[in-house]
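Read the structure below first, then the notes.
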């Protein structure tokens, strides 16, 4: 009926949903009048920043916001879709039941004759002086022959004068480039050109340009020489994934380095708008780094009588009694609402951290050998362990530079604890494993040990017992030879002991291993292998895949907030003398060492089955549920991860095969080919010559590539991130530094260890000051925001595409994830699977897909959002 009535001079009714700047204003938050800047802003003052620029919804009325529809089916003389007459926002609508929190809805009417065809895009211009707003969506009702047309926008709209080209949005239809309606083709191409920019100039807050740069902004050499840091990326010696380009001016003293600033440019929509103030975790993290941490450090420094932990009970008092604070310090941070979020003050002049899960049931179970080994397959860094395939363990380091680094662990060390099995027999039956932290650390060990920290390159050998648990057999600690690196390491092997000073020595040996694991986890497993490697994908996607491209729509949820948190990390976490350098063993060499590890990064091996096979902890087996058979059968991360991996891949396969009916369609997709070419040659350009890159010529490769990317951004990041505080919040269990070497027999240090092992242990690992810093930061990192988007969810709800087949496939994906969660819960209730809860009685929940907000030790967000 609508098509019969719709003729010349008729009007199309639309509804525009937007959010006022004062609801989401990050700048206002950072400037909030509060003792602690962003923290005060991020919690609780949002409502009081009553629109310094936009006071009421009436500011949008009149001729403030102009829209014009663009036809998808009827072209003008130049071949471009016809553009309607201008229309402006009209009345404020208050009766829309689906309206989100803090959202405003406005009506709009477009003049749209039947000879204009069907709308497929629209222009929007903001003429308000100085005020940007967040455009959520436009919905057109009763469009002839179509019905409703929805445009999911989710974008900041600045004053028209800030843009060189008009802001355009497309309807939520999905098109391969070759299937784009002819009248929309040039609009699609022009928008991508806008997002690519021209590679020049310093980027401004309102810009939307995506471009690449090397990591040359970690140091501050103009401030002082010791803050200079090498450029990561652009060389074969220190290769690195690319970051987003900001165009800031270069430093004076190091022209290859970029100057730093408090705010780092992001393409505007990457600084996503959150509705609830408590969701500004990124900004909370920044404020915790810049405000709370210095206050805590000053308190500990001033406590001259108690600058160190002396007993394990002292550490536990962080959760029980708390840190007593002087009145002046308390007055500075207690008004901050974050105070009650991160700490439990209970009305006392003290800060209390929440008790980490690892000690909630048993205070001392973390010290057992079984728990030490279990955390290598069910802890926060569960994907480093690999099978020992030959003996003795060999090094891949250049022997001309570093001498013979073959392990000094012998059969005689191992066989007394193998229960009658020989080393050869254990290898043949796939029962020897190692988390090898020797090669990554050894080349930097001499430099690290020249500082206040003292460390070893470590090797650990584990035995898979008949009951399915792992048992540590030996730990090798190595230091550089005093006569030079080419002489090889000086190594000593330590064996398990349960009594006397030997038990204390063994506990320290395990601590040196965990310190190395903590550093490798934070800089490689977490930062490099999730945060850093994904950023080039985000940049390449936005530069070459239109928002209406099916692969853009598939990947978009897995990019949310990642460039944002990465920019913050470069500013306060991984920068020179930032949180990581200050509190982790690798110190000033942390990022440089991660660059050396990146040389061996292989994209296809980031997919879980390939990763397990490469590490020798699984073998291909077509008869097994996911095509691989685990050699450590009770391996919580791997067994749970394979369920999630299979669900992701099944979803991606259905999706890709719907849009690409043949392999030829992959090769013929110009946008996809440009995206992949630039990703390989520029985004990960330092590895562009590697032969392992997919050629992107068939559906199988595209399915695998998308599955791997989604896996990294969701499940892999969840596995290595959200357990940081539950496991590492108890510093005794996951120390981040070592300050002393192992005591030698006959020395005063050895005697001290024999008399008081707790004090000796605490004087060896992370000091009190750094512990408080570390705990404050990893508690924020381990939290979920209340508006977190989890795997199987989309922020647009059902409006992300009009195609019913992908919609139904996505719903099945969500349903499958719920079924998997039930299965994982059942596994955790199976007492025969000892590695799932261990001596600490802490079930492995990190790969449960869903979660509530807060510190939950579970939940798989879609993206690397914290």
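Each residue, glycine too, has its Cβ placed from N, Cα and C.
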Checklist outcome for this item: Given that Swiss-Prot records 526, 531, 717, 721 as binding Fe cation, the matching residue among 323, 359, 377, 866 is 866
Checklist entry - Pick from 189-225, 226-262, 263-299: which range has region 'Disordered' per Swiss-Prot? => result 226-262
Item to check | Tertiary contacts of the compositional bias 'Basic and acidic residues' (252-262) (same chain, 6+ residues out, Cβ under 8 Å) | outcome: 213, 216-217, 219-222, 225, 228-229, 231, 246, 571, 575
Checklist entry - Can you name the far-off residues of the same chain, 6+ from the ends of the compositional bias 'Basic residues' (242-251), with a Cβ under 8 Å from a Cβ of it? => result 199-203, 209-215, 217, 219-222, 233, 257-261, 264-267, 270, 532, 535-536, 539, 563, 566-567, 570, 682-685
Next on the checklist: Within a 10 Å radius around the Cβ, which one of these binding-site residues has the most neighbouring Cβ atoms: 526, 531, 717?
Outcome noted: 717
Checklist entry - What is the number of other Cβ atoms found within 10 Å of the Cβ of residue 866 (Fe cation binding site)? => result 23
Checklist entry - What are the DSSP helix/strand/coil residue counts across the compositional bias 'Basic residues' (242-251)? => result 0 helix, 3 strand, 7 coil
Checklist entry - With DSSP, how much of the compositional bias 'Basic and acidic residues' (252-262) is helix, how much strand and how much coil, in residues? => result 0 helix, 1 strand, 10 coil
Checklist entry - Tell me which residues of the chain lie with their Cβ under 8 angstroms from that of residue 721 (Fe cation binding site), as long as they are six or more apart in sequence? => result 526, 530, 781, 782, 864, 866
